[in-house]
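Engineer: Following this message is one structure expressed as structure tokens.
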Amino acid sequence: LTASYTDSSDDETSPRDKQQKNSKGNGDFCIKNIKQADFGRREIEIAEQEMPALMALRKRAQGEKPLAGAKIVGCTHITAQTAVLMETLSALGAQCRWAACNIYSTQNEVAAALAEGGFSVFAWKGESEDDFWWCIDRCVNVEGWQPNMILDDGGDLTHWIYKKYPSMFKKIKGIVEESVTGVHRLYQLSKAGKLCVPAMNVNDSVTKQKFDNLYCCRESILDGFVSFVLTLFVFFFSPQVGKGCCAALKAMGSIVYVTEIDPICALQACMDGFRLVKLTEVIRQVDIVITCTGNKNVVVRENLDRMKNGCIVCNMGHSNTEIDVVSCDQIQITDDRVRSQVDHVIWPDGKRIVLLAEGRLLNLSCSTVPTFVLSITATTQALALIELYNAPEGRYKQDVYLLPKKMDEYVASLHLPTFDAHLTELSDEQAKYLGLNKNGPFKPNYYR
């Protein structure tokens, strides 16, 4: 549960102004309220039941510690599922310091449970922009501790180290990046010859694309709208994330329009029965506008001006740059906070639109996400960290890499027992005919 009972009951004092310690007297953290730790621990324990692969990694690592000596600094969503990942990394031998990659997605009670467990966590739900960067800095800038691995979601942590502490990259062995936004930043650095260390692109791994980006968004998009009446028209921007969202909304009886720049994705949308349009063609008629591109200025002020009264606007991409919310402050437009994560943006003539999560990532700000699906991505991240950390010198250069297909298949195989699924094994003759090893990988490295 991303939205918890703690959201409205906490006092308004900034965590930065509090001095808190856990039961062991450790105060190297900054969270909302350490007293919520017991409730957060129960959520983590529930999540563990739905994350079989990470629990299997812990069991297999009881003898060996593949991350012994690893000092991982992380910037991801801090939820019960991420907590299971962090505690798995710790069980594998790593030391961790963590900040949130989104100012609204942190579960305060989970952050409290992690702090009580000895993790250096700097995050709370509802951070300001200044708080956001302060938390990242507290993770990185600490006396007597320097990271040698980065786990990032969105690229903000990597960007901060490049900007403020570039000398740290002398000891950093690699970067693991989960989101399309962060991966785009890494490729830009690589192209400019400024990428100092090897980086693993988890976002484009098969397990991330075919499971997290599709099934996770397909389930959570509806949860994000749970308090609204589903309307007749929905307008969508669609990369891989959009496919799951479109399918969910169509199944609920909505009429879904899609905009797309890529002719291949556009043809897929048409073959799936969606009407492909330009935003300007339908902006006056649609009831809901959803972005999920990872780009900037996808919905600009001119589009907002032309929307119908009551139109709901939200974003399923990682960054808050897709909807031009800032422009609403520049002309006589007022903002009315209806409740947490729901704002009415009101024009001088009385027209209003409903803005969800201030244009930030909807599904982790306003709804829940399926734990089992996130287990697949979290396991992929853990294996990517193990691979980069233990790789012999020279295997990976200062470039961006995809996870080897053998690891993708290993992640998938760890989740099959949940379904009591039984794989068929190739005979020697069949394997020879296909030119494959009987144990995989079964897909070439270029397969996506």
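Note: Cβ is positioned from N, Cα and C throughout, glycine not excepted.
TrEMBL feature annotations, pasted as is:
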- 1-27: region 'Disordered' (REGION)
- T79, D153, E178, K208, D212: substrate binding site (BINDING)
- 213-369: domain 'S-adenosyl-L-homocysteine hydrolase NAD binding' (DOMAIN)
- E260, N363: NAD(+) binding site (BINDING)
Engineer: Could you say which of the binding-site residues D153, E178, E260 has its Cβ with the most other Cβ atoms inside 10 Å?
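Structural biologist: Of the binding-site residues D153, E178, E260, the highest Cβ count within 10 Å belongs to E178.
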Engineer: Tally every other Cβ atom lying within 10 Å of the Cβ atom of T79 (substrate binding site).
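Structural biologist: For T79 (substrate binding site), the 10 Å Cβ neighbour count is 25.
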Engineer: Could you state the CA-to-CA distance between E178 (substrate binding site) and E260 (NAD(+) binding site) to the nearest Å?
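Structural biologist: About 23 Å separates the two Cα atoms.
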Engineer: For E260 (NAD(+) binding site) and D153 (substrate binding site), what Cα-Cα distance in Å is obtained after rounding to a whole number?
Structural biologist: 24
